[in-house]
Amino acid sequence: MEKDTKQVDIIFRSKLPDIYIPNHLPLHSYCFENISEFSSRPCLINGANKQIYTYADVELNSRKVAAGLHKQGIQPKDTIMILLPNSPEFVFAFIGASYLGAISTMANPLFTPAEVVKQAKASSAKIIVTQACHVNKVKDYAFENDVKIICIDSAPEGCLHFSVLTQANEHDIPEVEIQPDDVVALPYSSGTTGLPKGVMLTHKGLVTSVAQQVDGENPNLYIHSEDVMLCVLPLFHIYSLNSVLLCGLRVGAAILIMQKFDIVSFLELIQRYKVTIGPFVPPIVLAIAKSPMVDDYDLSSVRTVMSGAAPLGKELEDTVRAKFPNAKLGQGYGMTEAGPVLAMCLAFAKEPFEIKSGACGTVVRNAEMKIVDPKTGNSLPRNQSGEICIRGDQIMKGYLNDPEATARTIDKEGWLYTGDIGYIDDDDELFIVDRLKELIKYKGFQVAPAELEALLLNHPNISDAAVVPMKDEQAGEVPVAFVVRSNGSTITEDEVKDFISKQVIFYKRIKRVFFVDAIPKSPSGKILRKDLRAKLAAGLPN
């Protein structure tokens with residue numbers, strides 16, 4: 001990562017002035033700092049059963065859960081795993097752990113048993129908070145390793161019920177000293193290459209990131225206590241956890257929780273609760289654009305539609321503008337390691353700026369961005385494409401137990417290299433044009449080719465394999481495999497797909513298999529994915 005520093009860096013900043021950020025505060029103290037102004041207002045609305053928790057309720061329940069976790073043996077710097085869909089309990093567990101100076105690692109409840117256990121093991125989780133239907137995925141691992149399982153619905157044999165946490169006395173929270181650099185969240189990300197790694201996000205980092213979005217006289221993302229935010233994106237993903245939950249808590253907005261996206265409930269909830277802020281991802285935007293039912297609902301309350309996690313095309317933008325007549329539509333750009341927000345659309349500001357279609361915002365305030373030539377390491381002026389780099393208090397502390405991967409991602413001067421290629425135009429707007437990194441983006445979810453390749457190579461009838469993205473209208477990208485059969489093997493496409501689908505979550509399943517004589521590689525043995533992508537683009541895989 002050490003690049004030749006021949007010239008002075010060309011650094012880009014927000015059009016908004018820097019602000020004071022109280023990032024000495026622990027995350028929970030910061031989020032609830034102004035709670036006296038809205039303690040009786042709705043904080044969480046459970047879309048599934050219409051239950052409403054006020055800000056006072058959420059703070060109290062989170063404190064009770066903190067005391068309960070302490071009673072179950074959780075100490076500062078210990079980790080709990082939250083293996084849940086969006087739910088009030090997810091919120092109470094996450095904030096409860098923060099009160100103790102403990103860490104939450106969030107996992108997708110749809111993960112296979114192997115994927116969940118891998119993350120539980122890597123993060124050294126002491127407690128797993130989940131639902132009864134997922135207990136079988138972790139039961140053997142938990143019992144062998146003295147890990148407690150706490151269920152939010154019914155508790156199968158050997159598991160505890162979430163009420164052991166919520167019935168604790170909130171005054172029993174121990175006094176703990178939380179340092180700004182202590183880790184509070186540990187999402188897993190594949191980074192720019194390779195297998196999923198624990199991303200250490202600190203109290204200071206998340207406080208800074210939330211403040212960069214919603215604090216200040218002219219916040220970049222203007223949300224207030226009269227707003228209703230739709231939380232349909234999964235909270236185990238940092239975009240939803242940060243830009244929906246934490247930002248919403250900080251400003252006193254109502255957060256309407258949906259367990260999973262389905263278009264009818266989605267439209268009904270927007271109409272019933274007069275949702276004003278819609279943080280979406282392109283697949284949801286596509287569903288809105290394509291559904292004839294949208295016209296039967298009143299969506300006029302929505303004033304902001306944010307899209308993140310993957311680029312949104314111009315046609316899609318125009319269609320959505322027509323469906324949400326009163327909404328400003330814009331994009332943000334994030335990466336888990338960056339805390340996660342790097343850039344955000346300034347049309348969302350309290351005093352908005354004009355924006356361009358296709359841009360993903362301008363760099364957030366209190367941060368610095370530069371565009372670097374991947375070959376020379378020199379920073380580039382406006383309108384020249386290079387690797388996007390970000391620096392500021394919001395970025396990750398590093399990867400858990402992986403100093404090498406950390407050093408490859410963050411240089412000695414504190415610059416985080418994103419692996420994304422983009423440029424900044426004359427109006428400070430950021431455009432993303434390509435990815436250096438190898439990740440496949442399926443509906444905003446990361447798929448690491450290396451993970452699938454390792455599984456493919458375990459098959460006795462496969463001698464070599466490479467996985468690359470293929471464009472897909474609905475998902476954005478899907479994984480496809482190029483496979484070299486072992487001597488004399490007659491393994492079929494369906495057999496390969498079936499072999500993988502048993503081992504991974506749905507979005508990592510291989511959609512096509514192309515059999516080849518050899519995988520193209522560089523002299524150092526690196527797979528030349530560029531060549532394989534070019535083959536796909538030319539329509540000549542075999």
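Placement of Cβ uses the backbone N, Cα and C atoms for every residue, glycine included.
Site annotation (Swiss-Prot): AMP is bound by Gly332, Thr336, Lys437, Lys441, Gln446, and the candidate from Asp318, Asp420, Asp425 recorded at this site is Asp420. According to its DSSP assignment, Arg435 (ATP binding site) is in a strand. Within 10 Å of Ser189 (ATP binding site), counting C-alpha to C-alpha distances, fall the following of the binding-site residues Lys260, Asp420, Gln446: Gln446. When the binding-site residues Gly191, Gln331, Gly332, Thr336, Gly444 are ranked by how far their Cα is from the Cα of Lys437 ((E)-caffeoyl-AMP binding site), Gly191 comes first. The separation of Gln446 (AMP binding site) from Tyr239 ((E)-caffeoyl-AMP binding site), Cα to Cα, is 13 Å. Spread of the AMP binding residues is 19 Å (greatest Cα-Cα distance among Gly332, Thr336, Asp420, Lys437, Lys441, Gln446).
Under the three-state DSSP scheme, Thr336 (ATP binding site) falls in the helix class. Pairwise Cα distances among Lys260, Lys443, Gly444, which the record gives as the binders of CoA, peak at 15 Å. Looking just at the region 'SBD2' (332-399), the mean pLDDT is 95.
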